[in-house]
Amino acid sequence: MAELISGKTLAAKLKAEAAAEAAELREKGVHARLAVVIVGENPASRTYVAGKAKDCAECGLLSDVIALPEETTEAALLEKIAALNADKTVHGVLVQLPLPGHIREKRVIDAISPDKDVDGFTPVNVGRMVIGEECFLPCTPAGCIEMLKSTGVPIAGKDAVVIGRSNIVGKPAALLLTANNATVTLCHSKTRDLKAKCAAADIIVAAIGKAGFVTADMVKEGAVVIDVGINRNAEGKLCGDVDFAPVAEKAAYITPVPGGVGLMTRAMLMKNTVKAARLQSGL
Ligand code: NDP
């Protein structure tokens, strides 16, 4: 039976570290501050943004939630971002995705100052991550790596399969695993023999967005399984991309949903915001 990798415990530890560092900065006159911009009424996005503000309060960070109406133009949003980039009291700038259809996400992300890009989504930060330079790592994949490391099972030399190649999860997860010396197979909807590839993997990172997609027959005995997915099952209950109970019978370690990667994503955002404050204040 797999051991649970608790996002709750690990995220609490990371948040405590962020809080301690934020307190140190405050003593030196710097109050770390995150600005979160949200456009429109998407209820899930509203919940995520509220969670980020709550995390900031818990860690002793200031936060501003800038809620703009659905009909906000791209130009107005870009203007807002430019103002936040220029505001020296704001250290982290984040735009909650998805944006309404009339706004080009890429234009908006590109407009965020790389120094304040605490989501790690701008091309500059992505490029730095690819070449292994100091940067803001994207929160979800960085959280996955923390969870893997917490098991004590070395990542180096392991065969890892990442399912999903989105820019925010799958691709950076594959890059970070490679940086940690795993041998990585990045799978997607056009991958052949996905089941066999997964069944040979020591580490599986599932980021597909389909409830129960990873079944027990796809998992090697003793594998480490990281479930990024956030879905609703037929009964409306929150669940991941992994068929949890049967896979937990075979895996050595597994992350739960809820209580797994999602909490780590939030904690990594706190770490990145404090780091941004430290770097911008030259401390
Ligand atoms: P995307 O929809 O952007 O990407 C999904 C990926 O899964 C794509 O690369 C797609 O392949 C691949 N895929 C879809 N169907 C299959 C299939 N049958 N076989 C193999 N691959 C397949 O999703 P995200 O990366 O944004 O999110 C993935 C999941 O993670 C979602 O449930 C999301 O809610 C969750 N999530 C959780 C976060 C957290 O903090 N825990 C943060 C962000 C996301 P292709 O590229 O070929 O289309």
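From the backbone N, Cα and C atoms, a Cβ is placed for every residue, glycine too.
Computed from a predicted structure; not experimentally measured.
Residues or ranges marked as domain 'Tetrahydrofolate dehydrogenase/cyclohydrolase catalytic' by TrEMBL: 5-119.
On the 0 to 100 pLDDT scale, the domain 'Tetrahydrofolate dehydrogenase/cyclohydrolase NAD(P)-binding' (138-279) averages 98 in this prediction. Annotation source TrEMBL lists domain 'Tetrahydrofolate dehydrogenase/cyclohydrolase NAD(P)-binding' at 138-279.
Summarising the annotation, TrEMBL assigns NADP(+) binding site to GLY164, ARG165, SER166, ILE230. Following the DSSP three-state reduction, the secondary structure of ARG165 (NADP(+) binding site) is coil.
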Notebook entry, point to check: Rounded to a whole number, what is the top Cα to Cα distance in Å among the residues the record ties to NADP(+), namely GLY164, ARG165, SER166, ILE230?
Noted result: 16
Item checked: SER166 (NADP(+) binding site) CB neighbourhood, other CB atoms within 10 A -> 15
Note to self: With every protein chain in view, what's the tally of Cβ atoms within 10 Å of the Cβ of ILE230 (NADP(+) binding site), excluding that atom itself?
What the structure shows: 19
